[in-house]
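Step one of this worksheet: look at the structure below.
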Amino acid sequence: MMRQYLKKDEWKIIEEGFNPEHHTASESIFSLGNGQMGQRANFEEAWSGPTLRGSYIAGVYYPDKTRVGWWKNGYPEYFAKVINSPNWIGIDVNINDETLDLFKVSKVENFVRILDMKKGVLQRQFTATLNNGIRVSVTTERFLSMERPEVGAIRFSVTPENDDCNLIITPFIDGDVKNEDANYDEKFWNILSAEASAFEASLLSQTKKLDFRVGFAAKSIITGGETSNIQPIQNATFAGNQISLKAKKGEKIIVNKYVGVCSSLYHPAEQLLSQAKKQASEAAEVGFDNLLTEHAAHWENIWKHSDIKILGDVAAQQGIRFNIFQLNQTYTGKDERLNIGPKGFTGEKYGGSTYWDTEAYCIPFFLMTAPQKVVKNLLIYRYKHLGKAIENAQKLGFTDGAALYPMVTMNGEECHNEWEITFEEIHRNGAIAFAIHNYIRHTGDDAYLEQYGLEVLIGIARFWSQRATYSQEKQKFVILGVTGPNEYENNVNNNWYTNKIAQWCLNYAREAIDIVEKNNPQRLEEIIKKVKLDRNTETNMWKSVADNLYFPYYEEEGIFLQQDGYMDKEQITTDELSPSIRPLNQHWSWDRILRSCFIKQADTLQGIYLFEEEYDTETIRRNFAFYEPRTVHESSLSPCVHSILAARIGNVDKAYELYLRTSRLDLDDYNREVHEGLHITSMAGTWMSIVEGFGGKRVYDDRKLRLAPCIPEQWHEYSFRIRFRGNDLEVRVNQEQVEITCHGTGSTSLLLYNEEVDIPAGKSICKPLINNYYAKN
Ligand code: BGC
């Protein structure tokens, strides 16, 4: 199943040798991004083989007209798509009248592609023998500047190896691009202008709907060779510079292409081209090497706070760094209008939209590795969508300020229309509320509640109290017709996870009101007025629903039951499934999947993971022992949560086995789908499985840090760094001991296993490792 063609290295992803069959996978794996734009690892020069050309600009999307068989009331009108944007990396090379195209040349040798994660740069080299007999060596380097988020830079060199030759080099910008996933095969862009002069090209594009505009400008500088002609070329959608030159055998011709990409999110429409040109010429003045130095310095700082080191296992080391690298390329936290699509900028699947993945997976990662404002911006994104969430709930029949956040969104509107996901996966509302709590308990920023959080929590609590139904038969509140995180059963009643998170939201909203009342009573009055809260009546109702909510339980096994009807299903475990029918979603009918007991991803266990403090180890063990063998992990978000829980119950081997599935999911292409893009959001889960799984990091009593490290026998040592309430800690674990260093300016105290430890600022403590701590407790 796996595809392992990449070389293992601690800091680099390396592909050696050219195999066109791997090309689309590599286009995903070697993707680059800088939070504001992203680019798949497409070749600069022509490539006529299979490809997904992908260039994406953060926040620029298209409301593609929806496609459904049977329209139902309440369906969203559109499915938003991150737009495949004009191709700004292109550099065509023609050698003695033949186009350099690795799919067509007679021979490719010494092909190496390297993603240097330390510096954030993509490099490639090869020697190609063309059909006309000319042999050329090519090297390329490319990065999307972290320091200047509107700049991309390329250094491309060609050296004729066996003869002098005539070269035509054409750096260009091409606006004739299409989304692979367009519903009606339409193009999404109008190209408003395309202009070229000697070494410059520019293009102004506008989305056909919503009027996003993006200006592109390229400045190319060529060194080497004897230039005979420079010909600007332009048509309605294309602008480039055709440079003809003679190159001597052995002479290196270097093209430096500097590109400015400016979108209307950041500039007035009439300034887009001038701004893009300014970015490109400033970059050209600074020069490739200096740009790269400042970009690498940016990465150095990111790595300082987010790196995880694993000694004794290069594959694991490469895997975790790849995940950290991709997450930081996708979201930099500077703009609260942006969010994190499940595939980031590496493909079109999931439309680049925001899912609950952000709150449930990415926020824990960024909370502990990035400055506080990064997660605050992710929370404010949802705060700004509160009005739309209220409208969304109204469309479904809810009233009085009840808010249902969309399952899939770009601008706060729901833009997905599979009913079992759009309407039924209401648990996402809970993840959004929980993220507020998670942020506050990690940062201590209580003021967030009064500034933004409380309004969101009230809207969400109102939703849950209206969504619950009182069952006369059970004499309890029930929540009917939902899909839990396990998308392999729909329209179920009393999904344990959904009920659990609903109950928690109802309680937390009341608690949050009390906190704001204590800290800032005047602000509470303002909020009450603004959201028209009938404080006593409403909060009493919330309490009554929370206190009387029904939770299915299966006595015989002593487990929380995933949903009312779960035990009616034929009970089989995954080891009874033949590998030939995995993954189930590619072999079984949907009908069969829905009837089966197989679970796509953590569901009841997702709830136990979130509220672990409430359960003793035995309870967690029983639930894990029941559910994990029924779980097919067909969502990339699944193995990580299971790995964390396996470590929590002292089963380090199982934790490691599950960790391996998550850590190199894309690098080893476990699901044979990496060509569609990378699993960006689940990468955060991989990070969690080290820090929360092996590291045992928890926040307890809502404000205190706890660590309970264990280590897989395969590793000599691992270390990670976390931010917590203004402090900065480094944790190093080997087979004998745990060392914790406090890098912050103040001292810190935490619970290590069950012992309270104090660490002065700048100092470390060392304690023996208790690898089987949870096995015994
Ligand atoms: C998962 C969802 C997730 C979505 C986007 C689905 O396969 O089941 O939980 O939100 O992918 O990552």
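Yeah, the Cβs are placed from backbone N, Cα and C, and that goes for glycine too.
These come from TrEMBL:
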ACT_SITE  E487  active site, proton donor
BINDING   W356, D357, K600, Q601  substrate binding site
DOMAIN    14-264  domain 'Glycoside hydrolase family 65 N-terminal'
DOMAIN    321-688  domain 'Glycoside hydrolase family 65 central catalytic'
DOMAIN    701-758  domain 'Glycoside hydrolase family 65 C-terminal'
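Features recorded in TrEMBL, as mapped to the structure shown.
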{"residue": "W356", "record": "substrate binding site", "Cβ within 10 Å": "23"}
{"residue": "D357", "record": "substrate binding site", "Cβ within 10 Å": "25"}
{"residue": "E487", "record": "active site, proton donor", "Cβ within 10 Å": "21"}
{"residue": "K600", "record": "substrate binding site", "Cβ within 10 Å": "22"}
{"residue": "Q601", "record": "substrate binding site", "Cβ within 10 Å": "24"}
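Put simply, the two farthest-apart Cα atoms among W356, D357, K600, Q601, the recorded binders of substrate, are 16 Å from each other.
Taking the domain 'Glycoside hydrolase family 65 N-terminal' (14-264) as a whole, pLDDT averages 96 in the prediction. When the Cα atoms are compared, K600 (substrate binding site) and E487 (active site, proton donor) turn out to be 6 Å apart. Report note: the substrate site is defined by W356, D357, K600, Q601, and the residues of the same chain whose CB lies within 8 Å of the CB centroid of those residues, excluding them, are Y355, A360, P485, E487, S635, L637, S638. Here the Cα atom of D357 (substrate binding site) is found 14 Å from that of E487 (active site, proton donor). Distance between Cα atoms for Q601 (substrate binding site) and the residue listed as 'active site, proton donor': 8 Å, as a whole number. A separation of roughly 13 Å, to the nearest angstrom, links the Cα atoms of E487 (active site, proton donor) and W356 (substrate binding site).
Counted with DSSP, the domain 'Glycoside hydrolase family 65 C-terminal' (701-758) comes out as 0 helix, 35 strand, 23 coil.
The secondary structure of D357 (substrate binding site), as reduced to three states from DSSP, is helical.
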